[in-house]
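Q: A single structure is presented below for examination.
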Amino acid sequence: MAVVMKQRGYLAEAIDAVKSLRHLCPRQSQESLDNILLDLYKASGRTKEEIELLKHKLRKIYLGEAFHGKATKRARSHGRKIHVSVRQETSRVLGNLAWAYMQQRNYMAAEVVYRKAQMIDPDANKACNLALCLIEQSRLADAEVVLGDVLAGRYQARDQQDGKIVRKVEELLARIMARTSPPGGGRAGDDGRRGDDDDWVENEMLALLDVAVKQWAAPYRKSNRRLPVFEEISPICREQMAC
C-alpha cells in the first residue's frame, strides 16, 4: 500500500501509514519496512528522519540483529539474486548516511562517514562521492588524489558500472579544473561548517577508528560484542576521551 501511495505522490500519507501499522507486521518484515521508509524520507526531503533511521539500522548491525543473526542475506540487484554480507551492508548504510549528510551540507560529517565506509568495504562509487564531498569543502588537491585512485583501478566498481564511474570521474575532474583558476583556494568555508551531528561522528567513529578496523578482521557472529565504530558513547566516556 505504501509503495502505491508513493507512486501516486502521497508521500506523507505513506509515511504515516507505515509508522502507524508496522506494529501489526511480523518481525521478519521490519527491515523491509525500514527500507520503504528510507525511500519515502529521501523522496520527500525529510533528511533528518532519514539520518535517524540510518543510525537505527547501524545500531542493529552492531547489536548483531542484522540479517536475523546470519552472516549474509539474499537480495536482488538488477534482476540478479546476490548474497550480501554484513560488511557490505554496513558499508552501504554508511554510504547512504554520508549522502544524507551531504544533503544537509554537513560536509565534515559526510567525509568522515564516507572514509569509514571505504575502510570497511571500498568501492568506486563511494570514492567518487567522497571526492565530491572534498570538492564542496574546496579541498581540490585531496579530491584529485581520490579520483586518481579510482582511475588507477584501486577501487572496485559495483554491478559492472565501470563506464558510469569513468564518466562520473571526468565530471568531477572538470569541476576541479573549473575551480582551480580563481586564486587562493582555501579550505572549507561556510559549507564546511560543523553541524549538530559532528559530535556523534567524531566520538563514535574517529576516536575508535583503528580499533574498529581490527574488529572487522574477525568473522561475524551474533554476540554481545558491539562494533566500536558504532558504539553509543555515554557522557562519562566522552569526558574521559576529552581528557
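Placement of Cβ uses the backbone N, Cα and C atoms for every residue, glycine included.
Worth saying up front: this structure is predicted, and the values here are computed from it rather than measured.
In case it helps, TrEMBL gives these features for our protein:
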type   : residues : note
REPEAT : 91-124   : repeat 'TPR'
Q: Summarise the repeat 'TPR' (91-124) by DSSP state, stating how many residues are helix, strand and coil.
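A: Helix/strand/coil tally for the repeat 'TPR' (91-124): 28 helix, 0 strand, 6 coil.
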Q: What average pLDDT does the predicted model assign to the repeat 'TPR' (91-124)?
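A: The predicted confidence over the repeat 'TPR' (91-124), as a mean pLDDT, is 95.
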